[in-house]
Amino acid sequence: MKKIVVLTGAGISAESGLKTFRDSGGLWEGYNVIDVATPEAWRRDPILVQTFYNERRKNVLDAIPNLAHFALARLEEKYEVTIITQNIDDLHERAGSSNIIHLHGLITKSQSDKNPVLTYDILGWELKMGEVCELGSQLRPHVVWFGEPVPMIEYAQKLCSQADIFIVIGTSLKVYPAAGLIDFVPPNVPKYLVDLNCPEIPLKDLDMIIKSSSIGVPELVERLLI
Ligand code: APR
């Protein structure tokens, strides 16, 4: 089976009602990254950080996958598909995709503040101060914050180097190392991009579908399933 690697960002979940980061009205308009998405923020004001992620977790639980998520799941009828997502929502899982790599973590899980390898499912929307891991340390969102290592990046880079087809959906490609994954895709491999806007960075030999995800992704999937 041919291998398809898909890199997704916040734009694929926008039509499920989840805010992106850098569009107008995006998350980083309401909050300063420094205050809620860094290890220093967690040490400085853990309650603000928990509140930020509890609100986002509530939104994720209320959201449902959209036509783009479901279309990607259908690709598995004909291809070996791996989704490398920057998103911390679980909409790809709920749409039925089976191989998903959460480069930046998964908001429905918590992790030990002492040992990040210890992760736990969060039942419901709220992770509270005082909830501790088996080592007795405070549980924090299982999210990769700015300045923290991205544990799955080497594996993701390897997958991109072995892709037969590469698809980028709904990401501004502004945050590294995720944005650098496209450089690991061999030059002769067909590359597609689906985004509401033209990318601000120059991208070459890429078939661009400048449409919303819920329209552009099903169209692309239809073409690939013929
Ligand atoms: N359909 C398709 N694309 C869309 C839609 C839509 N309905 N709405 C927005 N987009 C596109 C925007 O044009 C933009 O290219 O989605 C992208 C959103 O970009 P960002 O807000 O920067 O989100 P993302 O690229 O996922 O951010 C990467 O930054 O803050 C960190 O960890 C966070 O994972 C996140 C990372």
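Including glycine, each Cβ sits where the backbone N, Cα and C put it.
Pulled from TrEMBL:
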{"type": "ACT_SITE", "residues": "HIS104", "note": "active site, proton acceptor"}
{"type": "BINDING", "residues": "9-28, 86-89, 170-172, SER213", "note": "NAD(+) binding site"}
{"type": "BINDING", "residues": "TYR53, ARG56", "note": "substrate binding site"}
{"type": "DOMAIN", "residues": "1-226", "note": "domain 'Deacetylase sirtuin-type'"}
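Shown on the structure are the features that TrEMBL records.
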{"residue": "GLY9", "record": "NAD(+) binding site", "DSSP (3 states)": "coil"}
{"residue": "GLY17", "record": "NAD(+) binding site", "DSSP (3 states)": "coil"}
{"residue": "GLY25", "record": "NAD(+) binding site", "DSSP (3 states)": "coil"}
{"residue": "TYR53", "record": "substrate binding site", "DSSP (3 states)": "helix"}
{"residue": "GLN86", "record": "NAD(+) binding site", "DSSP (3 states)": "coil"}
{"residue": "HIS104", "record": "active site, proton acceptor", "DSSP (3 states)": "coil"}
{"residue": "GLY170", "record": "NAD(+) binding site", "DSSP (3 states)": "coil"}
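Among the recorded positions GLY9, PHE21, ARG56, GLN86, HIS104, the residues whose Cβ lies under 6 Å from any atom of ligand 1 are, in sequence order, GLY9, PHE21, GLN86, HIS104. Neighbour density at the Cβ, taken as the number of other Cβ atoms within 10 Å, is lowest among the binding-site residues GLY9, GLY17, GLY25, GLY170 for GLY25. Summarising the environment of PHE21 (NAD(+) binding site), the number of other Cβ atoms within 10 Å of its Cβ, over all protein chains shown, is 19.
Here GLY17 (NAD(+) binding site) is compared against the recorded positions TYR53, ARG56, HIS104, and the shortest C-alpha distance is to ARG56. ARG56 (substrate binding site) sits 14 Å from the residue listed as 'active site, proton acceptor', taking the CA atoms of both as reference points. Applying an 8 A CB threshold to same-chain residues 6+ apart, the list for GLN86 (NAD(+) binding site) reads LEU7, THR8, GLY9, ALA10, LEU103, HIS104, THR171, VAL175, ALA178. For the pair TYR53 (substrate binding site) and GLY170 (NAD(+) binding site), the C-alpha distance works out to 21 angstrom. Within 10 Å of the C-beta of the residue listed as 'active site, proton acceptor' there are 21 other C-beta atoms, taking all protein chains into account. Taking a C-beta cut-off of under 8 Å and a sequence gap of six or more, SER13 (NAD(+) binding site) has these contacts in its own chain: ALA63, ASN66, HIS69, ASN87, ASP89, LEU91, GLY170. Across all of the domain 'Deacetylase sirtuin-type' (1-226), the predicted model scores a mean pLDDT of 96.
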